[in-house]
Amino acid sequence: MPGSASASCLGPWPKDVGIIAMELYFPSQYVDQAELEQFDGVPAGKYTIGLGQARMGFCSDCEDINSLCLTVVQRLMERNGLSYDSVGRLEVGTETIIDKSKSVKTVIMQLFEDSGNTDVEGIDTTNACYGGTAALFNAVNWVESSSWDGRYALVVAGDIAVYATGSARPTGGAGAVAMLVGPNAPLAFERGLRGTHMQHAYDFYKPDLVSEYPVVDGKLSIECYLSALDRCYSVYRNKIHAQWQREGSEKRFSLDDFGYLVFHSPYCKLVQKSLARLMLNDFLSHPSPNTETGPFTGLDAFRDIRPEETYFDRDVEKAFMKASADLFERKTKCSLLISNQNGNMYTPSVYGCLASLIAQHTPSQIAGQRVGVFSYGSGFAATLYSLRVTQDHTPGSGLDKLVSSLSDLKVRLESRKKVSPAVFSENMKLREETHHLASYVPRGSVEDLFPGTWYLTRVDDKHRREYSRRPLDHDLPAEPELVRSSTAAEVHNEKNIRMEFLSLVITVDDERRKS
């Protein structure tokens, strides 16, 4: 079984802890950004070229954060043939808050009821778009800790990104990503290689608890994002230099040492600018860059600039975007599929980019590569970390299964329904007026949802929410409870494996005490 503990785990901690499986959910409808430009009366290209966005997915009033997360979790469990008894930690990262007390995680626990598994740690984590990354770190830390009982961790990042009418609205989107975490993973975290920056700012925040809409200072938010990127990259490089020096190497780290880079993507153009920003950092930190040939050709005029004075310097931006164009094409552009076609999903955004990268490569193309991941959440919190892709890309390997499971992303995107900007605007108005109401029955069409999608059926007079799932078979009626139950044989097998895991964990703990 993928992620199973084995003799390789007998040591200070389990080996190659990371992402074993991924699942992605996005809405079944979208609005075309070029048509939205015309509808909004803005110049052609403002959204499609200026922001780099082609389409934007959105939810009707019959979907909320709970339904998105229910859908993506059940889809991951079903597609990977997993029983709910095999999960020991479930953590949700989201900033879409519909209840100030009850967590999304507790709603998802409905899926676990038939398995009888209630021994599941973890809860919701919130800080703008960073919550999913914090939840992922918590899951990885749990697997590498003395608290681990040998089972998988499951991380869910989900959000509905909506804005009031105006310039920010085209940067919306919606979706959810579920990630299965454990040892022997095809995408393993590189230990000790995280560069984090946390700072106080009001760049994007949601003080009105009755509204879904944020308060946004667009210019400040870009400055915070780029300054956090600078700081995180500096810390990451210092840490990897320290590792290399302990190994006897004096090599300098640069962007060339990443096979690929993915970024939190509020909109695609900012990602391209961010890669250029990292090249600027490489250039300024290099003791003697070659400005005659190579990637830094012709950049000598920028040698003495101060990074903190260049966030909105068009000359610097233009020069380094041109210098990094080839790097962008090779290392980052392919990661923007979901971002370009579905928009900003908030907490799942960077993991949608990771899924896009994996979906558009063969296992052999990405095997052994280091993938840099930059996560940012306003307020603000950010981390740059790296994943190492396993070398094993043989048929049936964990990497082969991961790539195969995501290979249908383009087909799924193309199967969505396009709606007019007028219908999109009506949906936004309906959500604005009703998302906080009690005694409410959603008006959105269930028939437009993808098969297997959970949806909101009603909110009662005490604000309690009820859900049903659209069946996987189009010909079957919807049922309120279609949770896949594990067979007795599956549960028995999982429990035996779990006991073996626990035995190994005890051995690992004994080894720690001895050391």
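In case you wondered, yes, glycine gets a Cβ from its N, Cα and C as well.
Among the features that TrEMBL reports, domain 'Hydroxymethylglutaryl-coenzyme A synthase N-terminal' is placed at 13-186.
According to TrEMBL, the active site, proton donor/acceptor annotation covers Glu95 (among others). Neighbour list (Glu95 (active site, proton donor/acceptor), Cβ cut-off 8 Å, at least 6 residues apart, same chain): Thr126, Asn127, Ala128, Cys129, Gly131, Asp159, Lys206, Tyr346, Thr347, Gly377.
What TrEMBL records for Cys129 is active site, acyl-thioester intermediate. Packing around Cys129 (active site, acyl-thioester intermediate) is summarised by its Cβ count: 32 other Cβ atoms lie within 10 angstroms of its Cβ, all protein chains included.
As a whole-number mean, the pLDDT of the domain 'Hydroxymethylglutaryl-coenzyme A synthase C-terminal' (188-470) in this prediction is 96. Sequence annotations record features per position, and here TrEMBL assigns domain 'Hydroxymethylglutaryl-coenzyme A synthase C-terminal' to 188-470.
When Cβ atoms from all protein chains are considered, those within 10 Å of Ser221 (CoA binding site) total 23, not counting its own. Feature annotation from TrEMBL assigns CoA binding site to Ser221, Lys269, Lys273.
The feature active site, proton donor/acceptor is assigned by TrEMBL to His264 (among others). All protein chains shown were included, and the count of other CB atoms within 10 Å of the CB of His264 (active site, proton donor/acceptor) stands at 31.
Taking the centroid of the Cβ atoms of Ser221, Lys269, Lys273 as the CoA site, the other same-chain residues with Cβ within 8 Å of it are Ile222, Tyr225, Leu226, Pro266, Tyr267, Leu270, Val271, Ser274. Counting only residues at least six positions away in the same chain, the Cβ atoms of Gly50, Leu51, Gly52 sit under 8 Å from the Cβ of Lys269 (CoA binding site). For Lys273 (CoA binding site), the Cβ neighbour count at a 10 Å cut-off comes to 21, with all displayed protein chains included.
Here the binding residues for CoA are Ser221, Lys269, Lys273. Their largest Cα to Cα distance works out to 14 Å. Between Lys273 (CoA binding site) and His264 (active site, proton donor/acceptor), the C-alpha separation comes to 12 Å.
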